[in-house]
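Novice: Would you mind keeping the following structure in view while I ask a few things?
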């Protein structure tokens, strides 16, 4: 029985090639008698074998071990046939008997369609049947089966093919370096290295690179749309396997075209170039500071300038940017010549913007120096002032202190009222800006004023560009109770009927007060000293009666003194008028008869018109006329009553009347009222009892009517004797202004005050008294300035407290002489004045002042120690120790700069390095020597270090290491050697070069290292490349880095060695000495001369191990011991066991590692049969096998 070899089936990996094997069987026969046991089984039920794809006809598969059946009887015939597993008829089974073994061989057929294609089918499980027959015994027909697993080996018969033959993309010209632009992909159906693809650029390029295995195209140099807007190149894809070549031609290359379109972008920011004038001068017209030109290196719209503006340093809007006379030219100047522009330095940050997408900007700081010759515009602390003043304020009383400033202005400002003072009611102090009254105010005449006050520099009033600041002062005059109420008439006459009911309205008086509020609110009262029967409504002015008036018994005329009073404070004002009330008599009495109940006798013979009686009736109403009448009228024709005189007469002949008694009813009337009816009883007689010459005798009862009437007349006369106009008037002592105000004797004539006294502090109380009453005794105060001094004080209008109104400065004014005046509010107004001296004490209130608030310098970074930068100068307007200054440097720059404490000299004391710190902001303090309260101020010195080429370019490492395959395509990027130079300009621009070039090259601009020549591991395994980075400074500086390139070996052993046949046989006689050459086997290798085609031989298996050896170089078999027939017999006895094994000529290597590729050796197998001859005849032999 044979033994089944269960070793691994050889496969391929990314770093190995499959082992190729072929079998040669050499039979060596021992001549002699041998009996063998017949067996009919394959040595193994399954075999492994390989065969390359595309093999020509009659190409035998290479098994991993010998395939076949051992036969014990030479007369047996073995035939093999494929029974399944080969539907395409690709293979044919053949038999070959050598010695006691019948080999099974599979080969490819010769038909045209029988071409193996791994990509179509890479595995066959072929079932083979063995038919065994005998030459001598027909009955012997035996069968055996085995399976041959045939793996189809890849032969790299296919080229890679691209998924797309034309790749296109668009990138902006600012696309980052070393970033993937696009990816090309190709596919190779082959396996192993045959399917591994390398990408490369057919045309050498410094602009682009392609990853050799992943196909990513990257950018290795900056794009420039202006130089080249379209990049077109060809990408090659090659697999790593052996290349099939047509005779006399190169292998076909798979290519694809790549087109990269570059779109213009806003690549460059604008550049600002400033042509700076020395300073802004007063008489420059217009005020132009600088001419600015803006350029942009981009083309098209990206290079167009959208504008230039000031983005920082001009918060107040003093400056403007306007287009210049040329394209892309701008002018920087003063925005408004009338505005205040303080002398000093301005750092304007200009920003230029282009019209690109997205737009780019550039900023540049321009240091503007405004000289004192420029005309600053004064600026008020407020643009509008709202002030109030009481209308009783004396002339010269301050309303407001106007404050205007000019940055760093040395000349004082002059204030002027420009608009709104047509009446001359106000005046402004030209130097102090204090606005005062210049005339007596009257709110009732005008309550609001709006003044426009200007401030101009006193030193430039006559300049061509007069610049003045203005402010609006809105003045509201507050009301004081300075107006008496005024009646609409000074007197009035009212006629009032008597007998009207109580509370009857007589008349209404009305008064107005021009003051406002309570000062103008009027109430009424009656000011008569004696009581009158009248009352007045305090609020409406209605005068009414308090009782019923009687014309006959009461006063017929009243003079009412009506007083109107306001509600003002601190005192009320009043006015009076007279109301003449004349009582009018009305017909309110009936006539009254003086005598009533008359009885008499009348002779019947009295003649007509004889008076009988005269009636008398009185009417108490003045001027009333009484008429008499009979009731009813004309009732009796015999008697007639005179209606005016009241005489009753006879109107008929009584003697003819039969009636002897008449009763007559008589009344009296004043045309409105009637007296009570009175009766006259007359008897007609023919004879009188008494003597009466007239024939009439009448007697009446007398009443007291006459007495009453006389009493009434007496009362009336008494009531009307006193005339109201002759009554006493109001005392005058409350209305006259007899006394002037008097300052108190306790007020000092001279006072002292510290100059640090805050505004509003009280200096002294200037109190005055006035012995008058009311407004005549009310005092107000004012300081009368004579335009000398600086108006730092004011006095409270009512209290006389002297207050600090502005900051004091002893250095400006150390003594003030104030003239304080006290006015009363009487009419006419009286006043008195007092002179007060105010002395100002000095304190250390002035800090040192530097000439500039900041300084700007540029010095080279390699300046020597001890170099002077600037001598700082500061002043202190205080005196003595308060003015002695020392200088100190603040901050962390003490180790690099130093300032002398006495002289202020700033020097360099340490090494400077722009690459570490480019800008310094040094703050220097000046401090006075005051003991109690030292003051200090500071200035900032801005120092910018000018770059010197003092730094060589620096690589990230001094030594770089990279491992590459030896079969990488030429042009592959293997490393980016980037160096950084912190210097600026040419000193920071780095160029690269390579020493010992040839195999590699470096891009001088970007430091990209590429493969320039094919690598060969067998020739050189390690490269040490020197890269130099050199800046463009003067002198140029450089640095060196080393690139170690380790070359990885790639399997180039493409062909296995081949024996001329699968079986070789030889013979040797027994008893030959050790070392006898038995036979020689030879294999050939199609690889080029070298290590890949060098063949070594070895015995791997078989029953000849230890008996024979082989020369590993030439393949010659040598005997290692003397051959002996007896030994051979013994050998033969064990032949069955020994023949079950094979010796393989095989070199085993450890598995390949991608990081450590060893030499790869291909192998082949031969089975050698060696016949040991014994006896005299050569055909007597036994055989042993050696594999």
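The backbone N, Cα and C atoms fix where each Cβ goes, and this holds for glycine too.
The structure displayed is predicted, hence computed values, not measured ones.
So TrEMBL lists these for the protein:
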type	residues	note
DOMAIN	43-162	domain 'Cadherin'
DOMAIN	163-272	domain 'Cadherin'
DOMAIN	288-380	domain 'Cadherin'
DOMAIN	381-487	domain 'Cadherin'
DOMAIN	488-593	domain 'Cadherin'
DOMAIN	601-698	domain 'Cadherin'
DOMAIN	745-850	domain 'Cadherin'
DOMAIN	851-955	domain 'Cadherin'
DOMAIN	962-1059	domain 'Cadherin'
DOMAIN	1060-1119	domain 'Cadherin'
Novice: Please spell out the DSSP helix, strand and coil residue counts for the domain 'Cadherin' (381-487).
Specialist: 0 helix, 50 strand, 57 coil
Novice: Can the domain 'Cadherin' (163-272) be said to touch the domain 'Cadherin' (962-1059) if we require at least 3 CB pairs below 8 Å and skip pairs under 6 apart in sequence?
Specialist: yes
Novice: Run through the domain 'Cadherin' (745-850) and tell me, per DSSP, how many residues are helix, strand and coil.
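Specialist: Once the DSSP states are binned, the domain 'Cadherin' (745-850) shows 4 helix, 46 strand, 56 coil.
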Novice: Mind tallying the domain 'Cadherin' (851-955) by DSSP state, helix then strand then coil?
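Specialist: DSSP classes over the domain 'Cadherin' (851-955) add up to 4 helix, 49 strand, 52 coil.
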Novice: Tell me, what is the mean pLDDT of the domain 'Cadherin' (163-272)?
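Specialist: Average per-residue pLDDT within the domain 'Cadherin' (163-272): 88.
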Novice: For the domain 'Cadherin' (43-162), give the DSSP counts of helix residues, strand residues and coil residues.
Specialist: 0 helix, 65 strand, 55 coil
Novice: In the domain 'Cadherin' (962-1059), how many residues does DSSP put in helix, strand and coil?
Specialist: 4 helix, 45 strand, 49 coil
Novice: Based on DSSP, tally up the residues of the domain 'Cadherin' (163-272) by helix, strand and coil.
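Specialist: Computed counts for the domain 'Cadherin' (163-272) are 3 helix, 47 strand, 60 coil.
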